[in-house]
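Q: Have a look at the structure that comes next, please.
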């Protein structure tokens, strides 16, 4: 059956390609195809995180509906749709092992919208699809809250509203461009009020809905352990981790070590953290002024708060409690499931635990028995050859430089004695291979040592004025304890690939391009980038960073500070609400009073002009009712509606300009004619 009442389409100027295509089709087919386009805009972004079979099934369903609409064939019956829906539900359960939670719930909703497309028989079905699609638009923010996602969702909603307007017209339909403008105008009219409400309405802690436990399950990042291959996998991801805006002049790139997790337990292959000690037991000596900066940390399933090595105070968070271990690891009291921002200061010239004796020294010398015997033996020889620990450290770094070690994203797989195989056989590895081997050598030589994981470097955005750190900057380095100096940072990767620390990962891998097996060219590590594209990328990143700072990170605390700057107390928001309500009532009273003072015949004439404008036949500013009627007669209005319009305008013209205006009751006559148009 027809999904919308028939009616002619208004005459218009040349339309865009989609508008011309829809204008050539019957009314019901054109409106259905427009709804399919809107649904495609809503469903397409979900393909990035749904199983491929769900996206393929949705695509086939939309194609099925489009083909049936164009050819005029019947829709599938319930006998086919019911088993198909049950099979899809079973597929969702097999993919997620549940029908609940964020991912499974979104998959079910996506399939529901797609199958509902095959079941549209009445107008109410159309509106069900539109309302379900609008709700589905919101679920995109479970996965991304960037400004580009927001703009895409606004475009989707405008298209959905355009489709809804198309179904609501009972007569001639305006051109597609005009309908799009009518839908967009809804947003433009609501935007000022939305902005005021956003900045002034009391904020709540967290979202209005509970985030399921799998909300951050798919995010990759540093873990609380390190094994060969961990960092190499992260290095191939450009997913943002945090952004930094320096208050003071920033350090040089080789000094940008962002401290994360300290690892001291070793089982022969994997490094894990030791039992945490309270920070009160540390001894820290700093030299020079602190460097102040602001960190915006992206959401993750971890609770680590990355700081420039070495932090001099505890991070302060709005909604959680931060804590610092004796190893100066900064953590939050719970997983950071949403973006957080914190101010921090650090010293890059320091001495950590610079006491004559190291408490718990044996913990930092422990090695698992029976693993890596050749490395243990090499460490013992170094201990006999060098009494000075600094000379011993320098000798090991020189060996990494002299001997044929290589820095690569694709190191060979290692077996049980992974350090032995790396040092004496493969000699090809990423930062975790060098850090692990160096610490084992130091411990075997009698020097306390540990692994530190975090991030090194970052890319400065000259447009936004901030440093962006991605997963590609994930790094592992070491710390060696030397009497009188404390824990000293030693980065063995810098001995093999100094470009990694000085200029970043791409420069280091470009030097070792043969070891990448062609991957370097694929990832465009040549360093020769188009300047315009680079500038565009920086601008897009700066826009998104500003969105994160001023919209997504607008917490209750920031709102309170904003209102304080306006001399408004958040505790008095009820007073503001009452004043706003009084103002709204006053405006409403004034509008009603003005309406009562308006000639009802003039009001009906204005209503007729608005209706004709919606149909693409707007009245010119210098056009009287008679001239307007003559022009409308040349349009494509149905004969019955054109007769009503001409009758309306003739009565109005006589009322305004004739020496003998029509008798009383004109307003009701005009209103009746208007209802028939």
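Cβ coordinates come from backbone N, Cα and C, glycine included.
A TrEMBL annotation is a machine prediction, not a hand-curated record.
Just lifted these from TrEMBL, have a look:
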{"type": "TRANSMEM", "residues": "30-47", "note": "transmembrane segment"}
{"type": "TRANSMEM", "residues": "77-94", "note": "transmembrane segment"}
{"type": "TRANSMEM", "residues": "125-143", "note": "transmembrane segment"}
{"type": "TRANSMEM", "residues": "149-170", "note": "transmembrane segment"}
{"type": "TRANSMEM", "residues": "182-201", "note": "transmembrane segment"}
{"type": "DOMAIN", "residues": "423-494", "note": "domain 'Transglutaminase-like'"}
{"type": "TRANSMEM", "residues": "571-589", "note": "transmembrane segment"}
Q: Look over the recorded stretches 77-94, 125-143, 149-170, 182-201 and say which has the most C-beta pairs under 8 A to the transmembrane segment (30-47).
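A: Comparing 77-94, 125-143, 149-170, 182-201 against the transmembrane segment (30-47), the winner is 149-170.
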Q: Give the residue counts of the domain 'Transglutaminase-like' (423-494) per reduced DSSP state, in the order helix, strand, coil.
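A: So the domain 'Transglutaminase-like' (423-494) is made up of 24 helix, 32 strand, 16 coil.
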Q: Could you tell me the mean pLDDT the prediction assigns to the domain 'Transglutaminase-like' (423-494)?
A: 92
